[in-house]
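In Swiss-Prot this protein carries:
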type	residues	note
TRANSIT	1-48	transit peptide
BINDING	CYS108, CYS113, CYS119, SER360	[4Fe-4S] cluster 1 binding site
DOMAIN	128-349	domain 'Radical SAM core'
BINDING	CYS145, CYS149, CYS152	[4Fe-4S] cluster 2 binding site
Amino acid sequence: MAAYCSRVYHHHPVSPSTMQGSLARPSIHAGSASLTFRARPNSVSIVRCDADSPPEGSAVAGWAPPGPYTGRDPAARKPAWLRQRAAQGEKYARLRESLGELKLNTVCVEAQCPNIGECWNGGGGAGGDGDGIATATIMLLGDTCTRGCRFCAVKTSNKPPPPDALEPLRTAVAVASWGVDYVVLTSVDRDDLPDGGSGHFAQTVKALKELKPGILVECLTSDFRGDLEAVSSLASSGLDVFAHNIETVRSLQRIVRDPRAAYDQSLAVLKHAKNCKDGMVTKSSIMLGLGETDEEVKQTMCDLRAIDVDILTLGQYLQPTERHLRVREYVTPEKFDFWKEYGESLGFLYVASGPLVRSSYRAGELFVQNLVRRKKAELAPTLQ
């Protein structure tokens, strides 16, 4: 979702499992009241959490397990480059009013994205006066997630409300009326649905393409529990960019993401989406500042390029509340510039890298639009 849109930690306890490798971490369980650490030379710390049940109503209250990876790190001070003005501007106000009237959710609001003013105003920062390319990421399937990743502000529940059957058409009508050329669709995780919500996603894409055939559609998806048939269903719906976030490096997956997510599962989803349709553009995103090393970031970028991911975004993790994961490091703008250059050297066709970059950050800017249209044009002769 994004935007980094995963969820407040809340799920049923799972049995601990041991992961192999020098950087492996065991499973983390919700409701931990007891945590133990083991440090090994030349490795990151390992944390094990013994599960208790979360308190009643915790999904709404924003409950997450306490421990050494939550709270505020006194050594980490938010630098000046992360300070943003409150969102304002005519375009921002108009878009927010329109979304409210149509009862459409956006990950921009639900995940507390720091770029909401810039994106909704068309690239002009919080106050407007940009290049006119406004981007809003519509969040389908409700505003309540079935997973509990420990970095996101989206509320969670094991039994969210059923999907709105009219949402695909309502979304398509709304987006078509805005006159935009590029739209991002995302969703909460819906493990309660047989297909993980891929059918609902696909209906929305098809409705958009019917109402506005020339529009470019990016879908920022969940992993659908690794169900590749669900991936195929969405990938063949007519979308132009298939995005799925790997979120963090391999060693931090169990600390950062819900245990139902996995590094290799995310790679498999992206690889399958790429192979589903000729010319498919794929995209992923990495958060920095969670305790990852440079070598781990490089390896993650190489793993994404090995499956031919085209677009990569890198941004600073920001802690939504005291109950979420601590920020371990504020990465400098200069280091983000390095990661952009490194990504381009690996062959990514487009890299957005900066402290406030999120996975849907200015997704529809002209370079990306031209990239997608060029790929479609290159493919056209083979389809005739």
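The backbone N, Cα and C atoms fix where each Cβ goes, and this holds for glycine too.
The predicted model assigns the domain 'Radical SAM core' (128-349) a mean pLDDT of 92. Of the listed binding-site residues, namely CYS145, CYS149, CYS152, the sparsest Cβ surroundings within 10 Å are found at CYS149.
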